[in-house]
Structures are given as structure tokens and as C-alpha cells.
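Accompanying notes for the structure given below.
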Amino acid sequence: MRLKPHEAQSYRKKALWVSWISIVVTLILAVAGFTVSFMRHSASAFGFAFDATLDVLSSIIVLWRYSNAAAVHSAHREYIACVILGVIFILSSLCILGKAIHDLATKLLPEVDDFLFSVSIVSGLMCVILAVAKFMLGRILTSRALITDGFNSMVGGIMGFSILISAEVFRHYPNVWYLDGTIGILIGLVIQAYGVKLLVDMIPRVRQTRNYERFE
């Protein structure tokens, strides 16, 4: 069901607000994640930090998508946003996979402490809250770009909690040191698969809409 003009503009503004909040929050989480990754040698923390950086970029793309009030229903703008997101997903997944494989190959052991736990819990909760808000707005505005941004936040939430799980397992079972790197690889593969699917779905649609919709 298509929204009335005033409803569409109201939800467009909410999408902009959520995107701005997401940019600020995930930027802070990215810095915290990279700090934990380098200080505690955690591949899953690096994966989370990279995903948080990706979340910042995807929220910026959503900002661009809804920055023009007249283009709130623009299919062409929507599809371009999704193609850009797909490319970013694939590039970031390669970095996450590279770091995780390197850590497994060199048998880099993660260091576990309270700082790691606190960062992972806060990160996981914040990302899940952002994901729910983006999914809700994405469904109302029927926006694949917003839903994709929400998916990215949800992955960030899962990764935040995965840091906690792998660290706790390593604390009690040091012989399962490879869990951290394995989770990093799995997350990298999920992000890569979603990025490829976005490109396969959206590139043909960008070409189709280019001819009959004026680019805003």
C-alpha cells in the first residue's frame, strides 16, 4: 500500500534521523571495535569493527537516498543505493576474510578481559536496536536500501555477541582458540553472499529504470 504524500515525508524524515543516529553510534563502535581488535588480537572484533564501518557507509547511502524530498518514491535512486551497498559489502567481506584467515594461519590467540566483554555487550545491543528501527522503516517505506542497512546492523549485533561467545569459550577451553577466526570467516562469507545477491538483483533494475525515470 502506497503511503500518502504527507505520510511518506514523515517517514522519510524518520529514516534520515535514524541514519544520522546510526552514523554517530556505529562510528563510535567502529573505533572501539578496532581498538579491541588490535589490543586483544581478536579476528571477530576486527570483523565487527569493519562491519560497523560498513554500517556508517550504508547509513550515508541511505541519507543520500532520502535527502531529496521529491525522490522519496524514486525507484532508480533506490536501486543505485542498493548497487553501491552491494559493492561495499563485497569489498568489506574480503578484508574481514583476509584478517580472519591470517589469524587462523598464524594461530594468533585472542586476549580475554573485561574491556572486551563490555565493548561486545554494548556493541551487540546498540546494533540490534538500530537494526529493528531500520527494518521497521524499511518495511513502511518499502525500501530495500533501508532493509539492507538494517541487515548490516543486525550482522553487527550478531558479531558483537559473537565476540563475547568466542572469548568466553576461549577462556574455559583454550584449545578452541580457532573459534574467533572461524566466526570471522563465517561473517565475511555472509556479508559477501548478501553483497553479490544485491548486485545480481539490482544492476538489471538500474538499467531498466534509467530510461523511464528522470534521475533526481
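For all residues, glycine too, the Cβ spot is worked out from N, Cα and C.
Database features, via Swiss-Prot:
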{"type": "TOPO_DOM", "residues": "1-15", "note": "topological domain 'Cytoplasmic'"}
{"type": "TRANSMEM", "residues": "16-36", "note": "transmembrane segment"}
{"type": "TOPO_DOM", "residues": "37-43", "note": "topological domain 'Extracellular'"}
{"type": "TRANSMEM", "residues": "44-64", "note": "transmembrane segment"}
{"type": "TOPO_DOM", "residues": "65-77", "note": "topological domain 'Cytoplasmic'"}
{"type": "TRANSMEM", "residues": "78-98", "note": "transmembrane segment"}
{"type": "TOPO_DOM", "residues": "99-114", "note": "topological domain 'Extracellular'"}
{"type": "TRANSMEM", "residues": "115-135", "note": "transmembrane segment"}
{"type": "TOPO_DOM", "residues": "136-144", "note": "topological domain 'Cytoplasmic'"}
{"type": "TRANSMEM", "residues": "145-165", "note": "transmembrane segment"}
{"type": "TOPO_DOM", "residues": "166-182", "note": "topological domain 'Extracellular'"}
{"type": "TRANSMEM", "residues": "183-203", "note": "transmembrane segment"}
{"type": "TOPO_DOM", "residues": "204-216", "note": "topological domain 'Cytoplasmic'"}
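Panel annotation: around the topological domain 'Cytoplasmic' (136-144), residues 3, 8, 11-12, 14-15, 18, 62, 65, 72, 78, 82, 150, 202 of the same chain, lying at least six beyond its termini, place a Cβ under 8 Å from a Cβ of the stretch. Here the topological domain 'Extracellular' (37-43) has long-range neighbours at 49, 99-100, 103-104, 108-113, 115-116, 163, 166-167, 180-181, 183-184, meaning same-chain residues at least 6 beyond its ends whose C-beta is under 8 angstroms from one of its own. Here the listed stretches are 16-36, 115-135, 183-203, and the one with the most C-beta pairs under 8 angstroms to the transmembrane segment (78-98) is 183-203. Nonlocal intrachain contacts for the topological domain 'Cytoplasmic' (1-15), taken as residues 6+ away from its ends with a CB within less than 8 angstroms of a stretch CB, comprise 62, 66, 69, 72-73, 137, 140-141, 143, 146. Sequence-distant residue pairs (6 or more apart) of the transmembrane segment (115-135) and the transmembrane segment (16-36) include at least 3 whose Cβ atoms are under 8 Å, placing the two stretches in contact. Sequence-distant neighbours of the transmembrane segment (183-203) (same chain, 6+ residues past either end, Cβ-Cβ under 8 Å): 43-44, 46-47, 51, 54, 79, 82-83, 85-90, 92-94, 96-97, 99-101, 103-104, 144, 148, 151-152, 155, 158-159, 162, 165-166. Summed and averaged per residue, pLDDT over the topological domain 'Extracellular' (99-114) gives 80.
Sequence-distant neighbours of the topological domain 'Extracellular' (99-114) (same chain, 6+ residues past either end, Cβ-Cβ under 8 Å): 39-44, 46-47, 50, 166-168, 170-171, 174, 177-178, 180-185, 188. In terms of DSSP helix, strand and coil, the topological domain 'Extracellular' (99-114) has 8 helix, 0 strand, 8 coil.
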